[in-house]
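Features of the protein shown, as given by TrEMBL:
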- B:18-35: transmembrane segment (TRANSMEM)
- B:71-94: transmembrane segment (TRANSMEM)
- B:106-139: transmembrane segment (TRANSMEM)
- B:147-326: domain 'ABC transmembrane type-1' (DOMAIN)
- B:151-174: transmembrane segment (TRANSMEM)
- B:194-219: transmembrane segment (TRANSMEM)
- B:266-287: transmembrane segment (TRANSMEM)
- B:347-370: transmembrane segment (TRANSMEM)
- B:445-463: transmembrane segment (TRANSMEM)
- B:465-645: domain 'ABC transmembrane type-1' (DOMAIN)
- B:469-491: transmembrane segment (TRANSMEM)
- B:512-539: transmembrane segment (TRANSMEM)
- B:591-611: transmembrane segment (TRANSMEM)
- B:623-641: transmembrane segment (TRANSMEM)
Amino acid sequence: MSSFRTRLQDDGVRRPSRGSPGRSAHGSSRRARAALPGIGAAVVVLAVGLSGCAGARIGDTNAAAGGGGGAGAASGECGTLKLAMNDWVGYTADAAVLTYVARTAMGCTVQQLPMKEQIAWQGFGTGQVHVIVENWGHDDLKAKYIDQQKTAVSAGPTGNIGTIGWWVPPWLAKAHPDVLQWKNLNKYATQFATSESGGKGQLLDGDPSYVTNDEALVKNLNLNFKVVYAGSETALITSFRAAEQQKKWVIGYFYSPQWFLSEVPMQKVELPPYTPGCDADASKIACDYPRYDLDKIVAAKFAKDGGPAYQLVKNFQWTNDDQNLVAKYITADKMTPDAAAKKWVEANKVRANSWLAGIGGAKPF
Amino acid sequence: MSTAAVASVPTWRRPGRLVASLAVLVVWSLLYLVLRGRDTLPLGETETTPLHQSFNHLSDSIASNRNSSPLFVYFFNYLQIWMTQFVTFVQSLISQPGFGRPAPLIGWLGVLALGGFLAWLLAGWRSAVLAVLGFAFIGWQGLWTEAMDTLALTLAAVLIAVVIGIPIGIWIGLSRKAARVITPILDFMQIMPTFVYLAPLTLLFLIGPASSTIAVLIYSIPPVIRITGHAIRSVPESTTEASDSLGATRWQTLTQVMLPMAKRTIVMGINQTTMAALSMVTIAALISAPGLGQTVLQALTTLDVGTAFNGGLAIVIMAIVLDRTTTAAGEGTERTFEHGLPPRLRWGVAGLGAIVTAVLVWESATFWWANTFPTGHSIGPSIVSGVASASTWIQDTFSGVTNVLKNLISGGLLDPLQTLLTESPFWLVIIALTALAAILGGRWAALSTVVCLLIVVGLNLWQNSMETLAATLIATVLTMVFAIVIGVAMGRSRRVDRIVRPTLDAGQVMPAFVYLVPFLVLFGASRFTAIVSAMVYAVPPAAKVIADGIRGVSESTVEAATSAGASTWQIIHQVQLPMASRALALATNQGLIYVLAMVVVGGMVGAGGLGYQVVNGFVQDRFIGKGLAAGLAIVLLGLMLDRISQAVASRVDPSGAR
């Protein structure tokens, strides 16, 4: 820092006509021109002098590198795992634990690539993405990339069960328990009305990433509601949070597992039960959403090569409670995903070790 | 009918125009009452048409041609490789490990020294101090690496934009024909929402630096091209003729006469391009571009307003540093290093600065302490928690008032206009809007209107387009109300200007994602939230244009009015605003375009319309085609509104003569 100040001070030297502190400090000569070389020398000496007292040199000590990507490359065997990072917290929890295990127990280099689902699926074909660690249905993408282009394959379920449906804030479920039956919704339609719903009740739909049948549902169940597209998960969660705080009426499309449910335990509205095939014709749907067995999708070539990283991804499995716990570490406790993963793994060594079974070179926890 | 009115209107005098416009609106409303609900071309939000599906196949065909088509093998793939290498090179200079080292080549001390030194050379010591303090503050926020990633991407994109853009700009400056072909392409590049081409880009150029840079480039290159063209055209003909008559070749005239004269304006173009590039970094983060955009987006997944703000603040600071430095460099108004020094000393001082900088850069390349920004006393956590509690307080305190405001504007202004646009038969809307365009803007404006609207009909997105148009118009009106108030205050007082301007800059550069959460709490997921977000982005440029216009009114006129006993209100209302009417019209044009740029963000906060369709197309494979169509519809609405408002602007003359 001291060399800095010195440099900035030579601004004062620029105008020889004025008595500047810089000049007077070195004021051996009346003319700035004469002072200049002297100051220059002083500055250079000072700056170079700094290097004398300076500590670790870059490249000298490996220990100083810390935290970088370089560490894993040394072990070589596992290679690089390119992990797509879709942008919801549950996904982050899965990915963080997988990353932590791959790095610490297997010495893999893990590249976390933040991107939307659709882009990640595209990336399988070009070899830029190896793994999507939590996939919600996406039958259209499966048909396109698994069946037609054959660039991706499923690596089995994550063990997480996804539920999609209509939810209301807890205060409302408590004050009017019958709102949890779809048949009673029309009774409350006017309460749910907003500036956006044109006199009808508002059904708030959200993140376009998720498949929605809500327009068909509203029509086929003869509900006096209008689907309003909030357009993002941020908008949904913010609306729900505000509704609970201010005791406002809101009903919206949501899903579990989701970190927000541990902050505000939203209640699910019962729709006509799902039966296989009841959603075959999109325009005639009048039943609840199916249960989603969330699964892992990997690049076809990555699976075929069958390296240790693929083995780990294939073995990886846990429960909704596990995911919610790690998600809570990240959101409520403000831990970094890496620290959250470390905490969970250390408390669940047996489970983590079961994923490592049969992988050569892996060091169990 | 209203078509009959069109033919006779353009000859009317100005007060007549207002009457004629009102007449069109009245006739339209009456016809709406009769014809309501007919031919409204509805399409469900999750329905697609054959046209949209055929657009889908377009993107599929890219994927299947990746490694066979000669266009890929010989062009796109090489472009991708070259681009990746270039960006990676810039990154390994300042942000990422590279050149076989575990750290970037130039560490924080070196970047501060280099930044300060360059700003000093090009723009003077004030800029140098600002640059050093600004970047040091970003480091203090705990965001050094992220900020350098963002800076690397921005610099890479701006360098490429300058290398490609200035020659094209010179070309369109010299050739009217070239200008006529290229200008619409530039309009297209600026108005087309990035979300539309983000996914296809990753198919063409893979996920990574190449795609991010090209995405940034598409949005940010138009200003440097436009402004360079404008600069070349502005060189007086007499000057070039004089040069020609002295026997100079065309090349000599260009390089020795025109370019030096246009230099200052061209630098302004580079400034605009830099700002545009910086405003794209958050969106580029969606396709895994590293940097501050990631900080903001990741914070958003947990609704962490504080962290998002911290990241956004770093972007704002970087923007202000880059803006002030390039502006000062362009204007040459500040004292650069050579001012006030005898020639022999200049080189001595510059050389001294260079030596010091080189030493500091060397230090930062060699030692860890000068390379990795010290994390000990970061101010980041305090900013994060401070903003979080401030935002909670605002939400808790004002959400009652804001709800009333939302319902008032939505019910009183937005709903009637939207109903008129969406519930009238489409042909009636086209006729009425064309009539209005003819009255207000003249023949060419009317022609653009009818062509644009017919293509919108062809895109099968009529209803969504009209919803977006309604919200855009209301947002622009509200934007102008605020812009006039702020702009007049700034134009009348230098001090107000100095205080307000950084706030305006922040509004323009702060990623919208940062303030979406508090706005959502205040106004709910609604069209009004979208309108308010658009205003944050659009008021600054409009207010700046108006402030310029007010300042341009000659002092003697104002003084004359003052001595004639006019009150302040009378001076503003009857002297300054009418004389700045040209600026007002231009500001409206800017306001419209900026509001339109926020349509997609609006789609993410409950505004529906075309914005939602674009977002939907970005995240769902089935809707890529519909998203593309929605993007095109936004471009068409943009072209239409731009042509009308430009025509109006060119008609407005301060003397009122024409």
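For all residues, glycine too, the Cβ spot is worked out from N, Cα and C.
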Maximum Cβ pairs under 8 Å to the transmembrane segment (B:266-287) - stretch from the list B:106-139, B:151-174, B:469-491:
B:151-174
Mind pulling out the one from B:106-139, B:151-174, B:469-491, B:623-641 with the most Cβ pairs under 8 angstroms to the transmembrane segment (B:512-539)?
B:469-491
Counting CB pairs under 8 Å, which listed stretch among B:18-35, B:71-94, B:469-491, B:591-611, B:623-641 touches the transmembrane segment (B:151-174) the most?
B:71-94
Which stretch from B:71-94, B:591-611, B:623-641 shares the most C-beta pairs under 8 Å with the transmembrane segment (B:469-491)?
B:591-611
Chain residues in Cβ proximity to the transmembrane segment (B:71-94) (below 8 Å; excluding those fewer than six residues from its ends, i.e. six or more beyond):
65, 101, 104-106, 111, 148-149, 151-153, 155-156, 160, 204-206, 208-210, 212-214
